[in-house]
Amino acid sequence: VPFARYLAMNKITNMKRYHVAKVYRRDNPATSRGRYREVYPRRGDFDIAGQFDPMIPDAECLKVVHEILSDLQLGDFLIKVNDRRILNGVFAVCGIPESKFITTCSAVDKLDKMPWEDVKNEMVGEKGLSPEAADRIGEYVQLHGGLDLIERLLQDPKLSQNKLAREGLGDMKLLFEYLTLFGITGKISFDLSLARGLDYYTGVIFEAVLLQQENDHVEESVSVGSVAGGGRYDGLVGMFDPKGRKVPCVGVSIGIERIFSILEQRVKASGEKVRTTETQVLVATPQKHLLAARLKLISELWDAGIKAEMLYKKDPKLLKQLQYCEDTGIPLAAIVGEQELTDGVIKLRDVATREEVRM
């Protein structure tokens with residue numbers, strides 16, 4: 001929403017950006033539960049705004065998500081993809097009145113957390129749909145697959161009669177062709193139960209979930225929660241533009257907080273040390289009165305673009321300096337003592353193996 005408003009206010013019609021910054025919730029969050037209106041940084045956003053040929057930017061958004069989740073090595077993941085138009089087409093051919101599309105949508109959205117029977121009961125009991133209509137929806141929203149499923153639905157006698165669904169399926173087919181070229185369809189599933197609660201999505205919608213094997217004997221993997229989501233929101237900029245000028249947009253948000261907590265749990269479990277710096281070498285001295293030698297050497301290293309550190313003490317003990325390397329994970333110590341100064345060399349020590357070379 002803030003991005004759409006920014007485009008409208010500054011009359012920008014073309015922009016591609018990523019952004020990790022404060023996010024402001026529009027609702028009134030329950031501050032008592034640690035949910036604040038200003039959150040930082042809850043997510044990283046990647047958006048492409050502008051009038052382009054169908055599904056090319058959309059495919060790139062999915063490629064970005066795939067790349068991020070692969071690089072972070074969070075384990076197995078799945079990116080579910082659907083299209084609002086296909087969903088609305090399904091509701092229409094199942095006989096749902098348009099006034100009930102959004103509430104039906106929010107019921108369908110719970111399918112990843114609840115079994116179909118419970119979702120059906122909510123549709124009938126709370127949303128006022130007939131059991132027959134709910135069953136008809138159930139036949140569709142439990143389907144998931146790839147290009148083969150898209151082809152099958154394009155031939156579906158009921159669905160192919162619906163203009164919206166036809167458009168959506170045509171675009172979905174294009175999208176999967178591009179994703180095949182990007183080589184990422186292995187992690188992507190066309191999933192008719194994906195609804196994404198926000199009603200400003202106009203076309204393709206997606207959500208990435210992490211998967212976890214339930215146990216070693218079962219192949220079945222379960223979702224442990226969504227780590228990214230997004231979609232196409234072609235109408236949003238027009239809502240903020242005084243002249244109603246439309247700018248088509250597609251974008252994705254990566255849930256940074258959630259990913260961090262997963263990474264933290266993993267590090268804790270493995271007991272490994274996390275390096276918080278990129279320092280390559282600590283400049284150290286074994287005797288007193290050698291601060292000048294350290295300052296000269298570290299200056300040369302810095303000028304050469306080497307990431308170096310030293311302790312801010314005139315005469316630190318060598319053991320203390322080496323201990324600092326171990327604590328912070330600095331791999332090398334460059335040691336200059338009186339003998340080294342005389343010989344015009346330094347002693348480079350590998351902190352982990354304690355090997356030393358003179359250079």
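Cβ coordinates are placed from backbone N, Cα and C, and glycine is handled just like the others.
TrEMBL annotations: computationally assigned, not manually curated.
Values in this document were obtained by computation on a predicted structure and should not be read as measured data.
Feature annotation from TrEMBL assigns L-histidine binding site to ARG25, ASP47, ARG196, TYR200, TYR201. Per TrEMBL, domain 'Class II Histidinyl-tRNA synthetase (HisRS)-like catalytic core' is recorded for 58-259. What TrEMBL records for 280-359 is domain 'Anticodon-binding'.
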For TYR200 (L-histidine binding site), the number of other Cβ atoms found within 10 Å of its own Cβ: 16
Number of Cβ atoms other than its own within 10 Å, given for TYR201 (L-histidine binding site): 26
DSSP residue counts for the domain 'Anticodon-binding' (280-359), split into helix, strand and coil: 30 helix, 17 strand, 33 coil
Neighbourhood of ARG196 (L-histidine binding site) by C-beta distance under 8 A, where only residues 6 or more apart in the same chain count: ASP109, ILE205, GLU207, GLY229, GLY231
Set of same-chain residues at least 6 away whose C-beta sits under 8 angstroms from ASP47 (L-histidine binding site): PHE3, MET15, LYS16, ARG17, TYR18, HIS19, CYS249, VAL250, GLY251, VAL252
